[in-house]
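Record features, source Swiss-Prot:
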- Asp339: active site, proton acceptor (ACT_SITE)
- Ile218, Gly219, Val220, Gly221, Glu222, Phe223, Gly224, Thr225, Val226, Lys241: ATP binding site (BINDING)
- 1-12: compositional bias 'Basic and acidic residues' (COMPBIAS)
- 25-35: compositional bias 'Basic and acidic residues' (COMPBIAS)
- 42-51: compositional bias 'Basic and acidic residues' (COMPBIAS)
- 64-77: compositional bias 'Basic and acidic residues' (COMPBIAS)
- 212-486: domain 'Protein kinase' (DOMAIN)
- Ser76: phosphoserine (MOD_RES)
- 315-329: motif 'Nuclear export signal' (MOTIF)
Amino acid sequence: MDDKDIDKELRQKLNFSYCEETEIEGQKKVEESREASSQTPEKGEVQDSEAKGTPPWTPLSNVHELDTSSEKDKESPDQILRTPVSHPLKCPETPAQPDSRSKLLPSDSPSTPKTMLSRLVISPTGKLPSRGPKHLKLTPAPLKDEMTSLALVNINPFTPESYKKLFLQSGGKRKIRGDLEEAGPEEGKGGLPAKRCVLRETNMASRYEKEFLEVEKIGVGEFGTVYKCIKRLDGCVYAIKRSMKTFTELSNENSALHEVYAHAVLGHHPHVVRYYSSWAEDDHMIIQNEYCNGGSLQAAISENTKSGNHFEEPKLKDILLQISLGLNYIHNSSMVHLDIKPSNIFICHKMQSESSGVIEEVENEADWFLSANVMYKIGDLGHATSINKPKVEEGDSRFLANEILQEDYRHLPKADIFALGLTIAVAAGAESLPTNGAAWHHIRKGNFPDVPQELSESFSSLLKNMIQPDAEQRPSAAALARNTVLRPSLGKTEELQQQLNLEKFKTATLERELREAQQAQSPQGYTHHGDTGVSGTHTGSRSTKRLVGGKSARSSSFTSGEREPLH
């Protein structure tokens, strides 16, 4: 048996794929192969003769798999038999492979003989194997590898199902992660964790210290600590939130990503604190959000309490309206906040330099807030959940609706309306709300807390309607956003629009009556002209035409039955 037959037999038994061993070794082999293919025939023959004189060297891990003769084993040097056993390439994009397959992979250690690798990559003719579809069929990717690769991608629970199927399908063959989890335990053996998140820390040095300059601590909450930071690259100020608990201390890793999921799906809205980025660092979750220079509404209320002041009714209406717009956006995204309270509402003051003194023309009435000097935004989405598939985690009990406590989730958006009503009560100067007891239940019966100011009857009635016991009867966020109590100008606009429509209807009616009267009083003396002149009269016609030259038509008028001469 010659060397070519031996090579063919080895290739059949080893069943090696023609892809590169590793990224570094693969690049080297491709370069060597290209040099070999570009050589002259004489040099190629010399190289082949040298290769024939050297038997194929096989790593130890593969020698045991092959039932080769003792003569071939003797031809391999001892140092070749001591080649370390190869392992599959481990990188973030490649899940761990089963042990049975790893035995068939060639060694990727530096001591692997180059002649063996060159024989595996270079064909006997000295040409590189094709990288087209035919070559790719030699190493088909099993379904298990495709499923395990999905373990490296988190599936956002707030993403609509239609979008999940859209971006996770590949020619109708790929399943979404949720389907794989329900496929059975035998598919889970390939490395797909059942319901475990992918929390992979950055490989760089501290990204927080590298990209941001910490200015001061601006808040401490249930999730963690918030810092005011300046990004070194763009010089802008951001709010960086660092989780208080580590991933190992959390009972469920999903809770660490819950707020990230909600922010990512919501996108950008003027009345929701903007989300920019997030990453894992030092076993903690870090979220980069928009910085609100006015602090929280709770901080403003505390300052008012110290000075004996409170927000007046016009300001209360402004807060209620802007937060209603933010809630309407959240609810339209099939989500609920479930933790609306003063400490989760943030204030942004428009800088004086941004005001040009020119009155801005608002093209869309929904964009009126763009010219506002003070913006109120909803933040802290740690308790947000889906309306269709709710996983409710109770927020602050002082602002909690009774139906949530009773686990009645039929009208989840109305729970946000209830909490918003009590938030306005606190901003109006109400005393601290009870956390439980008889006073807590007294409010849940529809009794609005006492406030140290006289509110208008219409506004007071609206606030009481927001906290009534029947959740279904509470106004929606969309209804609040278009309520004439909060937006009197909107009511005036609608009234003017109705008047305009009425006047248009009257005008159309008069025009129709005028046309009918003109048709009834039309003159009877019009004549009809043919090619030869006046041929008679045409009753009911309002105009006549005279053909000039048999082709062009010109209008003509008559005085006392005589035709007017042409000029």
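The backbone N, Cα and C atoms fix where each Cβ goes, and this holds for glycine too.
On the structure: features taken from Swiss-Prot.
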residue : record                       : CB count, 10 Å
Ile218  : ATP binding site             : 17
Val220  : ATP binding site             : 10
Glu222  : ATP binding site             : 12
Gly224  : ATP binding site             : 19
Val226  : ATP binding site             : 20
Asp339  : active site, proton acceptor : 24
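When Cβ-Cβ distances below 8 Å are used as the criterion, the motif 'Nuclear export signal' (315-329) is approached by residues 266, 269-272, 297, 337, 340, 345, 369, 372, 374-378, 413, 416-417, 420, 423-424, 427-428, 455, 459, 476-478, 480-481, 485-487 of the same chain, each at least six residues removed from its ends. The Cβ centroid of Ile218, Gly219, Val220, Gly221, Glu222, Phe223, Gly224, Thr225, Val226, Lys241 marks the ATP site; residues of that chain outside this set whose Cβ lies within 8 Å of it are Arg242, Met244, given in sequence order. Cα separation, Glu222 (ATP binding site) to Asp339 (active site, proton acceptor), rounded: 12 Å. When every Cα pair among Ile218, Gly219, Val220, Gly221, Glu222, Phe223, Gly224, Thr225, Val226, Lys241 is compared, the largest distance found for this ATP site is 14 Å. In the three-state DSSP reading, Glu222 (ATP binding site) counts as coil.
Under the three-state DSSP scheme, the residue listed as 'active site, proton acceptor' falls in the coil class.
Remark: secondary structure over the motif 'Nuclear export signal' (315-329) totals 15 helix, 0 strand, 0 coil, with classes taken from DSSP. Here Asp339 (active site, proton acceptor) is positioned 16 angstrom away from Val220 (ATP binding site), judged by their C-alpha atoms. Geometry remark: Asp339 (active site, proton acceptor) versus Gly224 (ATP binding site), CA distance 16 Å.
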